[in-house]
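Here the structure comes first, spelled out in structure tokens, and everything after it is commentary.
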Amino acid sequence: MVLGQGGEGDAAPAAGGQEPEVPPGREDGPGAVQPCLCPAPGVEAAGAEERRACGCCSGMSWPFCCEAPGTKKKAACPGLGLFYTILSAFLFSVASLFLKKIEDVHSVEVSAFRCVFQMAFVLPGLIYYKTGFLGPKGKRIFLFFRGFLGSTAMVLLYYAYQVMPLADATVITFTSPVFTSLLAWIFLKEKYSLWDLLFTLFAVTGVILIARPPFLFGSRVTGIEGSYSDHLKGTIAAIASTLSAASTIVILRKVGKSVHYFLSIWYYAVIGLIGCVIALFVLNEWRLPHCGRDRVFLILIGLLGLGGQIFLTKALQIEKAGPVSIMRTMDVVFAFILQVLFLNHLPTWWTVGGALCVVASSSGTAIRKWRHSVKKAKQREI
């Protein structure tokens, strides 16, 4: 999943589907050949503050940025960002499979372990970048709600994975971009077109096909995992997780670039860990797995989730957000494959139909956001 799981996946540097900032003339994507903006050899600006930035060397001042004359610049590997996206989706899917394989471990406890891994990864970054641990005073309330909603999304998603089919829960989480557009329209006054409304209806239709409520499909609901009561609880948890994840994207869009990405993950991990520990004591569910295999699974869930987040972040750094969002739907494909191969659970045609509706909805939303950002980039260039 998604959510990187739990929302941080969508909150990578291009949070909310916005395009990363690129220098003028570089909107054509990785590997595009652009003229160097450096002055000719032997020509230097009068002052250090007046040196022109080189558009091909990450904005460093000439002459410290470019290689020696005659040296060929190494071309970016085409499609590398999309490969990172597929690898990220695969790692998230395998982590979800291990979650299904764990026995007698509450989803809150799994979330606590995940938060510990997040903190261990982010702490060195906070020290290196000297961001502090609290963030700017005016942004702390937003960071708190980002951490609370993000960790809530993670716990609910893990619960959904445990009580309903893996593919069903994964598909529902991919309605997040649609709900993000709706919440951004309500709280940030962003444009919400008829196309967005159509994509929202498609997403809701997909969720209904997966949930199959008895008042629409009758009392005999077949092809579900376990009891229908657990299936319904898992569906509600997955929808609530998706709404929480969408809310975190809206908050991050509100905060903008004034807060470092590592600080956002730090709040997510710390608040999530505190909340999980409190919930475990209240529920009296705190215990280590009895089986050594389950302990290994817990560690692997943390490592795979962290690896998926890293590759997703790398993908968004070198590729436009639109193609990355579309390619992330491979998570659904991997979920179906892993469910059939390792869980011996064949998806129903209702689930397949719901998946097609949700994937079409999320892909349509991503394409529209992508085209809009490209159009704005061209307008800035003109």
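Any Cβ shown, glycine's included, is placed from N, Cα and C.
Summarising the annotation, TrEMBL assigns compositional bias 'Low complexity' to 10-20.
Look at TrEMBL and you will find 80-211 (among others) tagged as domain 'EamA'.
The domain 'EamA' annotation in TrEMBL covers 233-362 (among others).
What TrEMBL records for 1-27 is region 'Disordered'.
Per TrEMBL, the feature transmembrane segment maps to 81-99 (among others).
Annotation source TrEMBL lists transmembrane segment at 111-129 (among others).
If you look up TrEMBL, you'll see 141-161 (among others) marked as transmembrane segment. Cβ atoms under 8 Å from those of the transmembrane segment (141-161) belong to residues 1-3, 5-8, 11, 96, 99-100, 107-108, 110-111, 114-115, 135, 169, 172-173, 233-235, 237-238, 240-242, 244-245, 247-248, 251-252, 254-255, 259, 263-264, 267-272, 275-276, 279 of the same chain, restricted to positions at least 6 beyond its ends.
Annotation comment: TrEMBL describes 167-188 (among others) as transmembrane segment. Long-range contacts of the transmembrane segment (167-188) within its own chain (CB-CB distance under 8 A, at least 6 residues past either end) are made by residues 1-3, 10, 16-17, 93, 96, 157, 160-161, 196, 199-200, 202-204, 206-207, 210, 231, 234-235, 238-239, 241-243, 245-247, 249-250, 253-254, 325, 328-329, 331-332, 335-336, 339, 347, 351, 354-355, 358-359, 361-362, 365-366, 369.
Annotation comment: TrEMBL describes 195-215 (among others) as transmembrane segment.
Feature annotation from TrEMBL assigns transmembrane segment to 235-253 (among others).
Residues 6-8, 106, 108-109, 111-112, 114-116, 118-119, 121-123, 126, 133, 135, 143-144, 146-148, 150-152, 154-155 of the same chain, all 6+ positions outside the transmembrane segment (265-283), place their C-beta atoms under 8 angstroms from a C-beta of that stretch. The feature transmembrane segment is assigned by TrEMBL to 265-283 (among others).
Under the heading transmembrane segment, TrEMBL lists 295-313 (among others). Listed as Cβ neighbours of the transmembrane segment (295-313) (distance under 8 Å, sequence separation of 6 or more from its ends, same chain) are residues 4-5, 8-9, 12-13, 84-85, 87-89, 91-92, 94-95, 98-99, 101-102, 105, 110, 113-114, 116-118, 121, 261, 288-289, 324, 328.
Residues 1-2, 17, 82, 85-86, 88-90, 92-94, 96-97, 100-101, 165-167, 170-171, 174, 177, 312, 355, 358-359, 362-363, 365-367, 369-370 of the same chain lie 6 or more positions beyond the ends of the transmembrane segment (325-343) yet place their CB under 8 Å from a CB of it. Residues annotated as transmembrane segment in TrEMBL: 325-343 (among others).
Under the heading transmembrane segment, TrEMBL lists 349-367 (among others).
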**Message:** Do any residues, 6 or more residues outside the transmembrane segment (349-367), come within under 8 Å Cβ-to-Cβ of it, and if so which ones?
**Reply:** 17, 165, 167-168, 171-172, 174-178, 181, 195-196, 198-200, 202-203, 205-210, 212, 223, 321-322, 325-326, 329, 332, 336
**Prompt:** In terms of Cβ proximity under 8 Å, which residues at least six beyond the ends of the transmembrane segment (195-215) contact it?
**Reply:** 168, 171-172, 175, 178-179, 181-182, 185, 221, 224, 228, 231-232, 235, 239, 350-351, 353-358, 360-362, 364-365, 368
**Prompt:** Per DSSP, how many helix, strand and coil residues does the domain 'EamA' (233-362) have?
**Reply:** 110 helix, 0 strand, 20 coil
**Message:** Treating G and I as helix alongside H, and B as strand alongside E, what does DSSP give for the domain 'EamA' (80-211) in helix, strand and coil?
**Reply:** 110 helix, 0 strand, 22 coil
